[in-house]
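For reference, Swiss-Prot has these:
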BINDING   32, 172, 176  L-tyrosine binding site
MOTIF     37-46  motif ''HIGH' region'
MOTIF     232-236  motif ''KMSKS' region'
BINDING   235  ATP binding site
DOMAIN    362-429  domain 'S4 RNA-binding'
C-alpha cells in the first residue's frame, strides 16, 4: 500500500514537501505527529492526525506520537487568537497517560514488529535543557527575520485582539523545531506530519536540521477539517465531542456522526474510517440512489463508534436511538444506564416529584396533573388514556387512576411519560 496514494484518495493531503513520496517509496520511514496534551482526552478534532499515523503504520512505516509535555506547558500560537493557560507538570503527566490509552485503539504499541508505534514526550528531553543550552544549540541557527515571517506570528501581531504575542509563544516554533531535530538525531525520524496550521512550525524544524547538520527531512500536512455549511467541525452547542466516554457518552458520540450532512458524510467516511476505496465507492453509490436511508451516515457512525469505543457500545447506541425514534420496548428502555437515558432524552421537559409520595403510591392522574404538569387537566389526561395515547416507560397506561410507585422508576429515579407519538416528559423522583 502506498501511503501518499492512500491519503490522497481520502482527501487527507494539504501540503507535502518535494521528495516526500520518493523517500517513502525507497525505505521504511519513521515519522512523528505532535499531539497537544492540554486535556486528559483526545477529541474528534485530533482524529484526522491520529488516522494519518494509523495509515502510516498500516503502510509499513514507523509512527511516533509525540505528546507535547513541554510545549503544552507553553501553548502554540498557530491558529489561536489569545495566550493559552499554562498547565502544571502533574496535570500533564496524567493527561499523557490517558492519551496513550486512547491512541492504543488506533496504533500498535505492543508488537515486536520493527514498525511498532512509540509514544514520546518532549518534556523528557526538554526538562533539563537550560536556557543557555537552548540559546547556544538552537537559537543561534534560526534568525528572528525567519521566525517573524511565519503566518502564525504575523496573524497574532496584526490580529484584532491587539494584545500581541508573548516571547514564550514566539519561541514555540523553535521548541517544536528542536523536537524534530532531537527525533531526527535519536530515532532517525525524517518526516513530520500535522494539520495544515502546523506547516510553519514543521518547516522551522526542517530548516533547523538543515542548518545544524545538513540533514534532509520532509513534511506532510492534512487539511483542517471543516463542515460543508462553514461551521466548526467537532463542536456542538455543548462543546467538543470527546473520545473519553466520561465527557461524551458513546450514544452522543454515535449521534454526532449519524447526524452529519450528506456532503460531510461523503468526506468524513474517507477520513475517519479505514474502509477501502472500493467499499467507500460502493457505499457512496448506494447512498446516492436512496439518500433518505442515510447509508453513509449509518456506516460512518458505526465504524467510528466501534473504533473509538466498542461493538457493544455501538449496539447499545443503536438500541438507545430506537427508543426515541422507533417502537422500542419497555425492556430496551430498562436496559439503558442513567447517562445514556439522560443523553437520549436531553432537552425533553422535566419535572420533579417527591420520592416519599411515590413510596406510598400515587394515582397517575394526580401525579401527572397536580405534581408534574404533564397534562393541562385531569379531563385531558383521562381522554388521552382512554384513547391509548399515554405510555409510562414505553408501556400503555391502562387507567388514568393507575397507582404509580417507586417500583416503576427507571434507574430508581426516573419515569418516562409519552403523550402521543412524539411528546416525551421525564419525571424525576427526588
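Easy rule for this one: first residue shown is 1, then count along the chain.
Using the three backbone atoms N, Cα and C, a Cβ is placed for every residue, glycine included.
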- Message: I'd like the Cβ neighbour count for residue 32 (L-tyrosine binding site), meaning other Cβ atoms within 10 Å of its Cβ, all protein chains included.
- Response: 26
- Number of Cβ atoms other than its own within 10 Å, given for residue 172 (L-tyrosine binding site): 23
- Item | Cβ neighbours of residue 176 (L-tyrosine binding site) where a neighbour is any other Cβ within 10 Å | 27
- Query: How many helix, strand and coil residues does the motif ''HIGH' region' (37-46) contain under DSSP?
  - Reply: 3 helix, 1 strand, 6 coil
- Segment-level pLDDT (mean, integer) for the motif ''HIGH' region' (37-46): 93
